[in-house]
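What TrEMBL annotates here:
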{"type": "BINDING", "residues": "Gly17, Asp79, Asp80", "note": "Ca(2+) 1 binding site"}
{"type": "BINDING", "residues": "Asp39", "note": "Ca(2+) 2 binding site"}
{"type": "BINDING", "residues": "His368, His373, His551", "note": "Fe cation binding site"}
{"type": "DOMAIN", "residues": "2-118", "note": "domain 'PLAT'"}
{"type": "DOMAIN", "residues": "118-674", "note": "domain 'Lipoxygenase'"}
{"type": "SITE", "residues": "Trp103", "note": "site 'Essential for stabilizing binding to COTL1'"}
Amino acid sequence: MPSYTVTVATGTQWFAGTDDYIYLSLEGTAGCSERHLLDKPFYNDFERGAVDSYDVTVAEDLGEIQLLKIEKRKYWFHDDWYLRYITVKTPVGDHLEFPCYRWITEDKEIVLRDGRAKLHRDDKTQILKQHRRKELEERQKMYRWKEWHPGFPLSIDANCHSDLPRDIQFDSEKGVDFVLNYSKAMENLYVNRFMHMFQSSWSDFADFEKIFVRISNTISEYVMQHWQEDFMFGYQFLNGCNPVMIKRCRELPTKLPVTTDMVECSLERNLTLEEEIKQGNIFLVDYELLDGIDANKTDPCTLQYLAAPICLLYKNMENKIVPIAIQISQTPGPDNPIFLPSDDKYDWLLAKIWVRSSDFHMHQTVTHLLRTHLISEVFGIAMFRQLPAVHPLFKLLVPHVRFTIAINTKAREQLICECGLFDKANATGGGGHVQMVQRATKELTYSSLCFPEEIKAKGMDSKEDIPYYYYRDDGIKVWEAIKSFTTDVIDIYYESDEVVCEDVELQAFVKDVYVYGMKGNKSSGFPKTIKTREKLSEYLTVAIFTASAQHAAVNFGQYDWCSWIPNSPPTMRQPPPTEKGTVTIEQIVESLPDRGRSCWHLGAVWALSQFQENELFLGMYPDEHFVEKPVKQAMMKFRKDLDEIISVITERNKNKKLPYYYLSPNRIPNSVAV
């Protein structure tokens, strides 16, 4: 009688093991096996991290194994079990791998296919076609779209983390409890004593150092020492945690009536302002999106204020970017003066602080929340709804959506919801952040997510002209490495553009992103269909880069750049100045966040900047969804490309007072998970 050797690998997560009854059956081209009991309760098999082997004897040869069924039946109470994979050695010595990497919950049967990736057209037998169709039907019931707020990209239909399908929940919900993490952060940072001191102002800038006692961070300390200097202000537009706002100024906007006379003392080349613009030495940062956004009114004891500044910057003879003019509101006029470096010290400093505060709001709500978290969730939901586990693109994308839907659901539950933690310290809390996402979503384009294209569109692509833009340099290297990897994988499974066009599951995935995620907004430029391998490679690169590199670039520097409160105030408690020559140090300190809000902010940027436990970084794929040798070779090449980038970045950062490492692949998690 033929005998099959079955090896079962249980996950290493806490509570991954099980003491339930586990049954297995095999289905082949020549017949089906009976249901075999692999394990009984308390036989000590299927413990956490275990790899257990069994001999399964059948009455007759089953032919080519097509499906494997694994069934869990409870013994005493429901006992979730995380199954990594099953391998089967056939009577003729062939080895088949059946990846799972899923939780088996309650009394449930899971049907697995072997690990070879297959497109829809590759399935010839009715049983495989039916399995494929049934899997997607079940997933579409579990992964439903929902509009959390009008004007937002659609998200998962779940009110809280525990409502999510078990497979996409965090292993431990405590690890992503924002209330717990913020409180722990403030305890670790020794700022508990200030936590509830809302309305209590600091006495001066040095007083802020009282919440800085536990910061042993090179960049944070450097920021604290140099934040008032123009070079530091300008440098952050290139390499801070929001390096996406700056663009080359081709023409001075009429709403910013700066003249050569105003800025002459800042210009170093004996040229007029217009000539400097023509030579490409002038840059612009415009926070127009903030204009008219409602400031936080959740605390009746503290008025909070927002502004929408415009900042003009100049590349000096040392190739440093420095500010030369700031208008704090959008509409020019006598009560909205243009502040200059030649003004009184505190006038100029307060104008820069207003820009830094506005930059914080744009960073948190648009650059970070919308353009990495919410967009990555759209790709993730569409993937689960339209790509079966056997599809090569599911196998490619699934590591890059790990925990993304969970972290976003948790954020909607605790952080950005009404009366959530976001309201505690941020001037855009209480609904302003919702208005910002709604505005920014209307302007969001697919091309702006294509990293090299967006850099070029802003006129920031020349290394010769702008030599110290490390975000650009490192980002393009990582983008190209990811694109090369996606191209290699595509070429394995799609031998022509025609195969891309005919892949109905791929087209359904792309359509889901456009129709539901982006709500069919034509102006977004998101494709409705994909017709070439080249476009498919770009599309997959956008999805992977956004979830990994782009999120890393704008998330993990928050503590570095935002922990020194005056450099990145989350709220302002006084309105912007309407005339020059009146600003005092006391007025600036009264404008900055009070002690309580400062501490909430510090706890937030610390907690958000931490890697997850057992973080998986770019190129690390411990879950072997792919089993084919050509794909594994492509992964090895990808890791080699990433290692080369790490070496270049490490060498560049040697002896730098301000190292830039956010886009070093060994610091880029695979997915948005924090």
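In case you wondered, yes, glycine gets a Cβ from its N, Cα and C as well.
A TrEMBL annotation is a machine prediction, not a hand-curated record.
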Spatial neighbours, same chain, of His373 (Fe cation binding site) - Cβ under 8 Å, 6+ residues apart: Thr404, Ile407, Asn408, Ala411, His551, Val672
Fewest other Cβ within 10 angstroms of its own Cβ, chosen from the binding-site residues His368, His551: His368
Cα-to-Cα gap, Asp79 (Ca(2+) 1 binding site) vs Trp103 (site 'Essential for stabilizing binding to COTL1'), nearest whole Å: 10
Proximal residue to Asp80 (Ca(2+) 1 binding site) among recorded positions Asp39, Trp103, His368 (C-alpha distance): Trp103
Residues near Gly17 (Ca(2+) 1 binding site) in space but at least six apart in sequence (CB under 8 A): Thr10, Phe46, Glu47, Arg48, Gly49, Ala50, Trp81
Cβ-centroid neighbourhood (8 Å) of the Ca(2+) 1 site, Gly17, Asp79, Asp80 excluded: Phe15, Ala16, Thr18, Asp19, Asp20, Trp81, Tyr82
Distance [Cα-Cα, Å, rounded] between His368 (Fe cation binding site) and Trp103 (site 'Essential for stabilizing binding to COTL1'): 30
Residues in the domain 'PLAT' (2-118) grouped by DSSP into helix, strand and remaining coil: 0 helix, 63 strand, 54 coil
Nonlocal neighbours by CB distance (under 8 Å) for Trp103 (site 'Essential for stabilizing binding to COTL1'), same chain, sequence gap 6 or more: Asp80, Trp81, Tyr82, Leu83, Arg166, Asp167
Local confidence of the domain 'Lipoxygenase' (118-674) - pLDDT mean: 93
Cβ-centroid neighbourhood (8 Å) of the Fe cation site, His368, His373, His551 excluded: Thr367, Leu369, Arg371, Thr372, Ser376, Gln550, Val554, Asn555, Val672
Cβ neighbours of Asp79 (Ca(2+) 1 binding site) where a neighbour is any other Cβ within 10 Å: 18
